[in-house]
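*Asks:* Straight out of Swiss-Prot:
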type     : residues : note
TOPO_DOM : 1-12     : topological domain 'Cytoplasmic'
TOPO_DOM : 34-98    : topological domain 'Periplasmic'
TOPO_DOM : 117-138  : topological domain 'Cytoplasmic'
TOPO_DOM : 160-164  : topological domain 'Periplasmic'
TOPO_DOM : 186-213  : topological domain 'Cytoplasmic'
TOPO_DOM : 235-243  : topological domain 'Periplasmic'
TOPO_DOM : 265-276  : topological domain 'Cytoplasmic'
TOPO_DOM : 321-339  : topological domain 'Cytoplasmic'
TOPO_DOM : 361-367  : topological domain 'Periplasmic'
TOPO_DOM : 389-402  : topological domain 'Cytoplasmic'
TRANSMEM : 13-33    : transmembrane segment
TRANSMEM : 99-116   : transmembrane segment
TRANSMEM : 139-159  : transmembrane segment
TRANSMEM : 165-185  : transmembrane segment
TRANSMEM : 214-234  : transmembrane segment
TRANSMEM : 244-264  : transmembrane segment
TRANSMEM : 277-297  : transmembrane segment
TRANSMEM : 300-320  : transmembrane segment
TRANSMEM : 340-360  : transmembrane segment
TRANSMEM : 368-388  : transmembrane segment
Amino acid sequence: MSRVSQARNLGKYFLLIDNMLVVLGFFVVFPLISIRFVDQMGWAAVMVGIALGLRQFIQQGLGIFGGAIADRFGAKPMIVTGMLMRAAGFATMGIAHEPWLLWFSCFLSGLGGTLFDPPRSALVVKLIRPEQRGRFFSLLMMQDSAGAVIGALLGSWLLQYDFRLVCATGAILFILCALFNAWLLPAWKLSTVRTPVREGMRRVMSDKRFVTYVLTLAGYYMLAVQVMLMLPIMVNDIAGSPAAVKWMYAIEACLSLTLLYPIALWSEKRFRLEHRLMAGLLVMSLSMLPIGMVGNLQQLFTLICAFYIGSVIAEPARETLSASLADARARGSYMGFSRLGLAIGGAIGYIGGGWLFDMGKALAQPELPWMMLGIIGFITFLALGWQFSHKRTPRRMLEPGA
């Protein structure tokens, strides 16, 4: 086995272990934020939505800067620094009793993510061969789902005692992750050339095809982020207990572990990437529309199942397509910019979703936010269809098995 092949194989295992630690640290804390501050402390949902939207926008919106800096200086220093910064954000969140302190903690957490997320994504593109990326992204997403359940279970259990324990656990996990990277991650360069920060950013911004694709995905993310805001609140409202939220993530884990890899393996040889992405988005949009009209957990969990199945179909295709479109001369910059759709869509989804949720309650129209999200999903579906029908993306990137 050549040294390059050996590095790729070892890199896969490193990426899987690193991803599990990050997912556990994140999901111990974030699914419980809306329950802690809306249901337990009585804050308006829009206040928590601002905090979550701020974290999302800082992490993903500034990702191009984090990626460009990583292109210049390498992945390791950015990843370690970012993970320590997120640990500090979680520690601050544990003592948040005013909105401004929650917002500050989410700002720190998002800034940390800006530093570590793009280089971690670029490492996947660097280490995994193009023909294997779809399946590897599926493995990462299966891991995400399992980690989400374990993290949510642990966080829900700790929340019975003290929210500070929840935040401390998340902080400790990110400190461990920083140490793991500092110890084992080689000083790899992300790009094929040592790209200056400004040049990497310029290269991305001049790629109109990639920019259009990324911005179109903002609507997709407005739906996707509700697993952190409105869906946990809805489950808690109907069940009357925050403990029920863990079952929402258990559903996601079961569906992901049983369906994600087989669907990706079966569909990658039969359907183009954009068709898989659009099909998943359509299922997600349809499942959103009736959520505000359900009256029991069985109906709600059925719709959540449909939503997750749509995500299982769409996510591997979305990640693979984003990676395929990245220029090897500026991988960090491309993977950083690819998060801008999540920054915009996530911020609008959190803040707008929280505002619509409060408005729906005030007007006695609980279906309002869900109907709006479904409509946004359909508009995004049509926009993606228009984009791909005009062949703005090279055919070789989209063919099955590409």
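In case you wondered, yes, glycine gets a Cβ from its N, Cα and C as well.
Show me how these features fit into the structure around them.
*Replies:* Within its own chain, the topological domain 'Periplasmic' (160-164) has Cβ neighbours under 8 Å at 32, 36, 40, 94-95, counting only residues six or more beyond its boundaries.
Across the topological domain 'Periplasmic' (235-243), the prediction's mean pLDDT works out to 80.
Long-range contacts of the topological domain 'Periplasmic' (361-367) within its own chain (CB-CB distance under 8 A, at least 6 residues past either end) are made by residues 290-293.
Same-chain residues lying 6+ beyond the ends of the transmembrane segment (13-33) with a Cβ under 8 Å from its Cβ atoms: 48, 51-52, 83, 86, 90, 93, 102, 120, 123-124, 127, 139-140, 143-144, 147-148, 150-152, 154-156, 158-159, 163, 166-167, 169-171, 173-174, 176-177, 180-181, 184-185, 227-228, 232, 242, 245, 249.
Same-chain neighbours of the transmembrane segment (99-116): 33, 37, 43, 47-48, 50-52, 54-60, 62-63, 65-66, 69, 78-90, 92-93, 174, counting only residues six or more beyond its ends whose CB sits under 8 Å from a CB of the stretch.
Listed as Cβ neighbours of the transmembrane segment (139-159) (distance under 8 Å, sequence separation of 6 or more from its ends, same chain) are residues 15-16, 19-20, 23-29, 31-32, 35-36, 124, 165-166, 169-170, 242-243, 245-246, 248-250, 252-253, 255-257, 260-261, 312, 315-316, 319.
Using a Cβ-Cβ cut-off under 8 Å and counting only residues 6 or more beyond its ends in the same chain, the transmembrane segment (214-234) has close neighbours at 30-35, 38-39, 45, 48-49, 52, 56, 245, 248, 252, 281, 284-285, 288, 291, 300, 304, 307, 311, 314, 318, 322, 337-338, 340-342, 344-346, 348-350, 352-354, 357, 369-370, 373, 376-377, 379-380, 383-384, 387.
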*Asks:* Is it true that the transmembrane segment (368-388) and the transmembrane segment (244-264) have 3 or more Cβ pairs under 8 Å, skipping pairs fewer than 6 apart in sequence?
*Replies:* no
*Asks:* Counting by DSSP, what is the helix, strand and coil composition of the topological domain 'Periplasmic' (160-164)?
*Replies:* 2 helix, 0 strand, 3 coil
*Asks:* Can you tell me which parts of the same chain pack against the transmembrane segment (340-360), counting only residues 6+ beyond its ends and a CB-CB cutoff under 8 A?
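*Replies:* Same-chain contacts beyond the flanks: 44-50, 52-54, 56-64, 214-226, 228-230, 233, 292, 366-369, 372-373.
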*Asks:* Sequence-remote contacts (6 or more beyond its ends) of the topological domain 'Periplasmic' (235-243), Cβ cut-off under 8 Å?
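*Replies:* Residues packing against the topological domain 'Periplasmic' (235-243) from afar: 32, 35, 39-40, 156, 159, 294-297, 300.
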*Asks:* Hey, which bits of the same chain come close to the transmembrane segment (300-320), Cβ under 8 Å, at least six residues off its ends?
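*Replies:* Contacts with the transmembrane segment (300-320): 133-134, 137-138, 141, 217, 220, 223-224, 231, 234-235, 238, 247-248, 251-252, 255-256, 259-260, 263-264, 267, 273-274, 276-277, 279-288, 290-291, 294.
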